[in-house]
Amino acid sequence: RQRLAAARAKIGLFSQPITATTLAASWILSFSVSFVKKVLTSLFTWLLVVPVIVAWGATKYSLAPKLYAPPVCGEKDGAILWQAELALTEAAWWMILGILSSVGFGTGLHSGLMFLFPHIMQVVGAAEACNTTDGLVAWYQHPCKLDCSTTFGPKDGSTVTVWRLFLLVTVQCMLWGLGTAAGELPPYLVSKAARLAGSKDSDYEQELNEAREKTDLFSRMKIYTVDFIEKHGFVGVFLLASWPNAAFDMCGMCCGYVLMPFWTFFIATCCGKGLVKVNLQALVFVIMFGSAAFQVVLRGLESLDGSIASVLGKSLGIKALVEGGRAKLIAKFELQSRFFHEKLFAGGKRFLDADGLAKIYGKHEDGAEVAKRVLQDLDLNRDGQLSISEMGAAASMTDGKISLSSLDPGTGTSVVKVVWELFIVGLVLFFLFGVIDQLARTKQGELDEEALEKLEKLQKEQDKKKDK
């Protein structure tokens, strides 16, 4: 068993690429076959899922298509079943991102940094630009997302408070948080299954032993996590899940190893990650991105600048530097914000000429030059203006949206943009490699257990023969 565990630990895409790929593909195939079989033989599938899908298809494409009519921004809301579709799509979007963030046994995709936290910043910026939160749509998948035309009531900024901004993003944050809780199940389930099978979970044992031998902060955190869980149970899981805990994988493995009931572990994790942690993070980011909180920071920096000037006899201009940096960041973020291209043709416009594009890019650096480049690049018929179809050709194939930055062919040469894109690609590849390695080791672990069972059976037969 020890020799097999040592050999299994060496399996990886970099060390044994063919073996790792073959084992991972085998695990995926066997899991897919098993999953499809369970789905097709489940009463839940045939009594609920299939009838719902049939009813959805019949009403949407034949019986009542009007109930799926999309909204017209600033004029009418989407029909009731369109809103139900949106709610399901939105929930699935954030929960899948949350699962991807934590499912990789420590190698998860950082979807919070890539999607959720920038979304919070975008919502705060839009609310302050519209000068109200009443009617502002903050759903990521909504075609009227952050469109000021949907707002109503007094637009004097009185509703743009920390609490109102928090309410706009808390549902998305909690959905993402619940996804991260679901992504913590694999370590728990693997460890519990190994313990129930009568074998030790070698990954858990190995990681725990290595952590006990080290003295660094992260290793100490792992040991503390395990000890805390064994002592406090449900409350311990809840508390450890209520803050950004990099060692929480060990929590799941520990809970499975000590045979903690599934619902005890899952409910505690959901409450910690899906209610407490994400809402605290949302509150921090709302305060950070909001103008009111930023003014408080500026007053503190101004006082600091004055104190430094009294000592050095010269002002360092810290306040001005921070103000300028934030303004550039917000302008850059506005250029990167994604939306449907029809938004540029609001008010019945059919075409955008050079002047229209110049107004769109006017408040950004080199806006006039950018507008010229966009027109030259997208004007296929060379009539000096852009139609809706020409603008639609620039939409992304993944989400059907554009950004002002993506329209500019000149931004492709930006070193910062290239570095950022390479960074994102690196994160995705790191996540995929980690998942493939883990699946390969899991499959090899199953094969090893089968081999060990045969050896144990053979040993018992030999022992019986000796006794005779």
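Along the chain as shown, residues are numbered 1 onward.
Quick reminder: no glycine exception, Cβ is built from N, Cα and C everywhere.
Automated prediction, rather than curation, is the source of TrEMBL annotations.
Taken verbatim from TrEMBL:
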- 39-58: transmembrane segment (TRANSMEM)
- 91-117: transmembrane segment (TRANSMEM)
- 162-182: transmembrane segment (TRANSMEM)
- 246-268: transmembrane segment (TRANSMEM)
- 280-298: transmembrane segment (TRANSMEM)
- 366-401: domain 'EF-hand' (DOMAIN)
- 418-436: transmembrane segment (TRANSMEM)
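Tertiary neighbourhood of the transmembrane segment (162-182): same-chain residues 90-91, 94-102, 111-112, 116, 119-120, 123-124, 127, 133, 136, 138-140, 241, 266, 269-270, 272-275, 277-279, 281-283, 286-287, 290, 292-293, selected by CB-CB distance under 8 Å and a gap of 6+ residues from either end. Beyond the transmembrane segment (280-298), the same-chain residues lying 6 or more positions past its ends with a Cβ under 8 Å from any Cβ of the stretch are 112, 117, 120-121, 124-125, 128, 160, 162, 165-166, 169-170, 173, 242-244, 319, 322-323, 326. Looking only at the domain 'EF-hand' (366-401), the predicted model's pLDDT averages out at 82.
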